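Read through the structure below, which is laid out as structure tokens, and then see the notes.
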Amino acid sequence: MQLMKSSYLELTARGHVTDLLKPDDTLEMLETYGFAVTQSPVEAVSTAHAYREIAAIREDFGLGEPYVPLLYRDRDEPTVTAVTRKGGSDHPVFHTGEAQGWHTDGLLEDIGTIKTTLLYCVSPAHRGGRTFLLNAGRVFEELRMEDPEAADVLLRDTILGRRSTIPGVDREAVGPVFLELGDGHYATRYGEGRVERWYPADAAEQHALDRALRFFRARRDDPDVRIDLLLRAGQCLIFRNDVLAHGRENFTDDPQRPRLLLRSLHTNAPKKPS
């Protein structure tokens with residue numbers, strides 16, 4: 001990957017949508033920017049067609065079968081999740097139109113477990129529903145240069161707990177916010193939303209943590225390290241969940257055609273099959 005040197009500002013002129021039938025172009029985008037958006041060649045996309053295209057993407061990039069997160073293992077959840085409004089659901093975000101703060105997928109998983117997320121848009125919202133991506137590792141590297149003490153707190157393996165907000169599910173996973181990888185990049189589980197619980201060891205560490213989080217809040221709206229994507233019908237967002245953080249703005253549905261995205265999670269990183 002080249003994420004530590006990449007700027008999302010480069011995509012203003014270049015664009016970020018690739019042809020579903022040109023996987024080499026898509027893989028180059030993923031290697032450079034950590035994400036890609038494929039465009040279906042089909043004009044009117046059905047849910048059945050979306051599932052077929054997701055299967056083709058999995059095969060093209062060696063992703064393997066979808067991974068079911070630990071949080072949902074006992075809930076009889078499908079391997080590919082329908083992210084849409086649904087009455088009676090106990091999930092605080094999936095089946096509502098509410099915004100979702102910065103996070104990585106895999107609430108209870110060890111850092112870096114879920115490497116790839118696919119989000120396929122069958123039908124967009126009437127208004128809103130953008131997905132945000134943050135080059136979290138690059139921001140962290142900047143923090144290490146500016147305030148090493150604050151950065152070191154985010155590497156501590158008991159600093160961040162992520163706790164389920166699903167009613168009746170009292171589970172939490174504790175770990176670091178960042179983990180150094182061998183290729184000069186960082187795995188991340190950065191987030192600031194409803195599920196995070198912070199565990200600084202003492203007052204000095206609390207001050208360092210506060211500085212680190214302020215740094216991220218100041219940087220995460222910069223289009224150099226953040227990109228906002230509004231998926232259209234037939235587009236599939238592929239991104240490196242282990243190195244990028246993501247979020248979602250709230251949305252309003254067309255009652256006749258509500259927003260529907262299909263989400264597929266994978267423990268493999270995209271690669272060119274041998």
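Using N, Cα and C of the backbone, Cβ positions are placed for all residues, glycine too.
Within His246, His266, the residue that Swiss-Prot lists together with His103, Asp105 for binding Fe cation is His246. Taking the centroid of the Cβ atoms of His103, Asp105, His246 as the Fe cation site, the other same-chain residues with Cβ within 8 Å of it are Gln100, Trp102, Thr104, Thr117, Gly191, Asn241, Ala245, Gly247.
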